[in-house]
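Here the structure is laid out as structure tokens; the discussion comes afterwards.
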């Protein structure tokens, strides 16, 4: 069966399209998997504190690690815009070069300044992750979006899991030094750069490289007028897709569920990544062993990644009325995370700390796909990308402010244990706010329920009068509950 477009062009046969789709799936998943193979990453902190580099705990905690938050905030917006303007591939190349720079500095750097540059390049690689997640949508048709997102995310998680297991086996079973793991990681990053060079260059992107003019606004899509296309605005820059998306953010932000889950993304992800940045220092304080074979960071990262993948998968099968229960679910999970942070702060048992860390990451990953669905369910992919970009930017700003106050030596310069008490207080405050909001939602829901009509009133009312009254009384419930 042939498909004719306008008489002048013909689409390729279905078999050719299917073959190209399968090749793209395989190559992108292979690329995503291989770029995560960094077996030395789970052991960077003990490597810096060990005999190879011999930095002090204070230097790593208050001078080196804070640079990661500063770097991430400084480059996030430029990389977000350049990713779309340059159509993804150049930013992916920059990410690979930054990965190589990280491991070169870890291997050959000897000063605090060199390690601060290492953290700077690490911030670039984190900001450039948006390029991979956006790139996959620019190459495939909309019918393949969901499957492609699932495959690529699974490939990345499997890469992280494999990398952590490989690193742990090398250290515990093979007795491989941390320096050798860094060389292995560097080799994989060079291979990742080669893979990046063979990625296909997309012809379009979400905002800057649109063909056929800017897309209609989100409100126009939701409420088309007579099926007529929206006339373009006269000004060139005012009619750009990015400008239209920015204008619509104010309207979209009024949606209760989108606002709630965006706030969760901002506040909880800031706390989550702060915990992630400093947890290896906490482990080293609780269990300061000089025997590398007894450092189990890789195994813990593998277990937490696996649990995160399982909980994220399970979240897709949770069917509840999110408009009613979102605040309670978020509050309950946040309170659970606060308890885990308290346990990590107070315990002297490294295995309890490992277990609390694993559960913390698993509980966070459980809410991530729910947040993505709640935010993206009624948005176009262009506006969705912008909303997540804005949320990530505000989370990064908040994370940077907290780092400047409690971690940086120019602020309070707290050691790692007091920092985790601060994180516990932070998540406790968030849990109280979320649970308080859940109580307010429950009270409003109860007030909106229509009280039962007295029996004598039913007897006096005629059937013709009763039906409209029921319709009016049930209408508010159907809209607001």
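Backbone N, Cα and C atoms are what each Cβ position is placed from, and that goes for glycine too.
Marked as region 'Disordered' by TrEMBL: 454-481.
Per TrEMBL, transmembrane segment is recorded for 67-86 (among others).
The annotation transmembrane segment is assigned in TrEMBL to 93-114 (among others).
Residues or ranges marked as transmembrane segment by TrEMBL: 154-174 (among others).
As annotated by TrEMBL, transmembrane segment applies to 180-199 (among others). Distant neighbours of the transmembrane segment (180-199): 27, 30-31, 34-35, 37-41, 43, 47, 89, 92-93, 95-97, 99-100, 102-104, 106-107, 135, 167, 170-171; these residues of the same chain sit at least 6 beyond its ends, with a Cβ under 8 Å from one of its Cβ atoms.
If you look up TrEMBL, you'll see 263-283 (among others) marked as transmembrane segment.
Residues or ranges marked as transmembrane segment by TrEMBL: 295-315 (among others). Within the chain, the transmembrane segment (295-315) has long-range Cβ neighbours (under 8 A, six or more residues past its boundaries) at 39, 42-43, 45-46, 154, 157, 160-161, 164-169, 171-172, 280, 283, 289, 354, 357-359, 361-370.
What TrEMBL records for 322-344 (among others) is transmembrane segment. Among residues of the same chain six or more beyond the transmembrane segment (322-344), those with a C-beta under 8 A of the stretch's C-beta atoms are 256-257, 260-261, 264, 268, 275, 279, 282, 352-353, 356-357, 359-360, 363-364, 366-367, 370, 374, 420, 423-424, 427-428, 430-431, 433-435, 437-438, 441-442, 445, 481.
According to TrEMBL, the transmembrane segment annotation covers 356-376 (among others).
Residues annotated as transmembrane segment in TrEMBL: 383-406 (among others).
Positions annotated as transmembrane segment by TrEMBL: 421-443 (among others).
The largest share of C-beta pairs under 8 angstroms with the transmembrane segment (356-376) comes from 383-406, of the ranges 67-86, 93-114, 154-174, 383-406, 421-443.
Between the transmembrane segment (67-86) and the stretches 93-114, 154-174, 263-283, 383-406, 421-443, it is 383-406 that has the most C-beta pairs under 8 angstroms.
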